[in-house]
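What TrEMBL annotates here:
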| type | residues | note |
| --- | --- | --- |
| DOMAIN | 1-103 | domain 'HPt' |
| DOMAIN | 380-580 | domain 'Histidine kinase' |
| DOMAIN | 572-709 | domain 'CheW-like' |
| MOD_RES | His46 | phosphohistidine |
Amino acid sequence: MNLDEALQTFIAESRELLEEMENALLNVDLAGDQDEAINAIFRAAHTIKGSAGLFSLDHIVAFTHVVESLLDKVRDGSVKLNDEMVVLLLSCCDYLTGMVNGLAAGQHEQDPDTAPEGEMLQQQLRRHMDGEAAPTVVPAVHAEPSVERIDNERGDSDYWHISLRFGRIVLQNGMDPIAFLRYLGKLGRIVGIATIPDALPPAEEMDAELCYLGFEIAFDSTADREAIAGVFEFVQEDCEIRIIPPHSKVSEYVNLIRALPEHDVRLGEILVRCGSVTQQELDGALEQQSHKEEDTPAQQLGSILVGAGNVPPVVVEAALAKQKQVSEQKAQESRSIRVDSDKLDKLIDLVGELIIAGARANMIGQHIQNTELLECTSTLTGLVEDVRDAALELRMVKIGATFNRFQRVVHDVARELGKDIGLIVDGEDSELDKTVVEKIGDPLMHLVRNAMDHGIEPAEVRIAAGKSAKGMIKLNAFHESGSIVIEVSDDGGGLRKEKILAKAVERGLVDADRKLTDSEIYNLIFEAGFSTAEKITNLSGRGVGMDVVKRNIQALRGSVDVSSKEGQGTTVTVRLPLTLAIIDGFLVQVGSSVFVIPLDMIEECIEYATEPGQDYTNLRGQVLPLVRLRELFRVGGTATRRESIVVLKFGNHRAGLVVDTLLGEFQTVIKPLSPMFSEVKCISGSTILGSGEVALILDVAALMHTVGGKGPVALAA
C-alpha cells in the first residue's frame, strides 16, 4: 500500500470513528453508568490522534489532543460529564469531520478560515478542564511522618498499599529509609504505617550497619503506580517492593485496558500501558519466567505477577480479555477488505452485459433448435444468476448507518425547537443497495425534521392531552415483497383531515364537492407548495419539501404514503426497491409491445375471458380492479380472444393487469430512461431483450394509482 492509499484508508477510518464517537455521545447516560460510552469516545479520539500523527497532520493531532485530555479527565472522574459538555464534544466532532473532509479534498494544513472556530472550541475544552479539575492534594511534608499505625493485613482498602522491605545494605550505601518515607509524603498522604520487625535477629547477632526493618504503608494519593515506584528508584534493586492499588484504581485499570486501541499487544505491555505494573516489575516477572527447570512448562506471566502481589487477578483477567478481543478483531479484519465503490459499479455493469449476452445466446439456441447449445446456455444462465446474486450482495449495505445519522439530527433540532424528543430505531440490520442508501438520506431527513416541527407537540400540550412530556420519533425498516419498507412515525398530534381538505379546496387542488378517502386527503400534503403551517420556521412551513420528497422517492422507483390518527400520531411509509441495477422480471406482451413486471410484485397469473368495458373481476370472492395495458398505453391492434390477468400486490393494494400473452421470467438489467421520457407515467425504466429489442419496465406503484382515478384503492389482500 502506497502513502496515498494509506491516507485514503485513514480518511475512511476517521469518518467511521467520528460516527462512533457521535453515536456514543448521543447515547451516553448522564445520570447512569457512563464508563462504556466514555471509553468508546476516548478510544475513537485517541485512535484518530495516533493515526494522524503518522501522516504528520499536526493540526488534527493538536486539536484531538485537547479533546482527548478532557475525555481523560472525565474517565478518571475529576471532571463530570454534563449536557453542556456533550454539546461541545459534538461540535468538536463536527470540526474534526470538517478537517477530515478537507484532507480528502487535498488540504493537508489547517484551513485559515476555520482556525478561529478550532481555537474557540479548544478554549471551551480547556475551560471545562480547569473549571472541573480534581481537587489538588496538599502533600503532607513532615520532618518525621506523623501517621497512624495500621495492621499488617492488606484487606480491601480505598488507599494504595505499599509493602516495603529494605535491603540489608541500604544503610551502608548511605541511604536513609525514613527519607524515602518523607519523599513519599510529597506525592500524597501517608494514612497509616506499620513497622515490620520480623527480620530482626537476636541482639547478639545484630549489626548496627545493616537494616532489618520493613514497612506496610497505607497511602492516599492521586499519583499513578509509576510515580509511586519512582520514589524508591535508587533502592529498588536491593529492596522488595510491592505496590497494591486501591479499589478505585483497580476499576480504573480495567477501564483503561478496555479503552486501549485495538492493537496487537502482549499481556505485559497491556498491564504497563494501563499503569497497573511498572516496567521494572514486568522485567522481573519475565526474568523469573525465563528461569525454568528443564522438562517443566513455563509459568504463565499473569500467574507470576499475581503471585508476587504486583497486580490484582481481576486486572490480569481484563488484560487477557483485551488480548482475545484484539485477536478476534484482527481475524475478522483479515477476512474483509475495502473495495472502491466505483469498482463495484463496474462489476455490476459487466454482469448486466453478461446477462444480456446470455439471453441473446439462449434465443439463438432456441431459434436454430440446437440441443447442445441450449444445454450450454441453460448452464450459463444458472451460473450468471449466481454471479449476479453475489455481485449484488457486495453492493448491499445495512440501513443502520443512515438511521444513526438521525440521532444527531433529533438531538440538535429538539434543542432548537425547545422540545424534549427521543428517537427509536428498529430494523437497522435491513439491507438495500448502496446507491439507494446514498439517495434516500435527504428525503428521510426532511420527513424526520417535519415530524419534529409539526408532529410533536410542545410539552405542555402533550401533558394536557395525557401524554408524556417527551415525544418520540421512530424509524423502522423491514423487507416486504422484494422491497424495503421504511416507516417514519411520531406520537404527536396527527394530521387534521378537515384542515388539509379546506386548504386543498382553497388552493383549487380538489373540488369542494368531491368525496375523498382519508388516504387521499393525507397524501395531499405531497402537492407542490402545500402547507397548513400557521407560521414559518427555520425548519418548515413554506410548503417546499414534501413534494420534493415524493419526487425523489419516485425517482428511485419507490412510493410514499401517509397514515394518521388525530391526537395519536402520523406514519409516513416509504417503499423502495432493494436494488436499482438488476432484478428478476416477468415478461408480458400486449400487441407487439413487450413489458417487464418486477417478479416480486406478482401474486399469480390467471386466464381471463375478455369482457369489454368491465373494470373489475371476481377473484375467489374478492373484487379485483383491472388495469388494461392496451388502453393505458394505447397499443394498436385488437385484443386476443382469451387474455391473461397478472395479479399484482403492492403493500396493501392489489390489482389485475390485463395482457395478451405471458412470456415468462427474465433476468432484467435495468437501464434508465432518457430525461425526455421523465414525464411518462407507469414506466420506471427499460431493459434490453435477447433479441436486442427494448422492453419497458412497469412501475407497479404508479399502476396502482391509476386504479379508481387519482388515488389507489386499498383492498384486503
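Cβ atoms here come from the backbone N, Cα and C positions, even for glycine.
TrEMBL does not curate its annotations; it predicts them automatically.
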Going by DSSP assignments with H, G and I as helix and E and B as strand, what are the residue counts for the domain 'HPt' (1-103)? 84 helix, 0 strand, 19 coil
So if I draw a 10 Å sphere around the Cβ of the residue listed as 'phosphohistidine', how many other Cβ atoms end up inside it? 20
Pull the DSSP breakdown for the domain 'CheW-like' (572-709) and write it out as helix, strand, coil residue counts. 17 helix, 77 strand, 44 coil
